[in-house]
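Some features that Swiss-Prot has for this protein:
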- 24, 27, 40, 43: Zn(2+) binding site (BINDING)
C-alpha cells in the first residue's frame, strides 16, 4: 500500500523540476530504472526473457 501511494505521489508535478524522479511503472521500484522503457532492471529482465519487449534479446558472444 505504501509503494502504491508513493507511485501516485511521483506522478504529481513537483514544485521544482530537479525533484522529479523515475519509478518503475510495473513494481514501483526507484533504483535502476531504465528511462527508455520506464521500468526497473528486474522487470526489464523478466519481460525480455518472456519476449514481451520487441527488439530485445539476450546477448551471447
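Just so it is clear, glycine is given a Cβ too, placed from its N, Cα and C backbone atoms.
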Local Cβ density at residue 40 (Zn(2+) binding site) - other Cβ atoms counted within 10 Å: 22
Zn(2+) site, defined by 24, 27, 40, 43: further same-chain residues with Cβ within 8 Å of the Cβ centre: 25, 26, 28, 29, 33, 39, 41, 42, 44
Those residues of the chain, 6+ apart, with a Cβ under 8 Å from that of residue 43 (Zn(2+) binding site): 24, 26, 27, 29
Packing count at residue 24 (Zn(2+) binding site) (other Cβ atoms within 10 Å of its Cβ): 22
Cβ packing number for residue 27 (Zn(2+) binding site), 10 Å threshold: 13
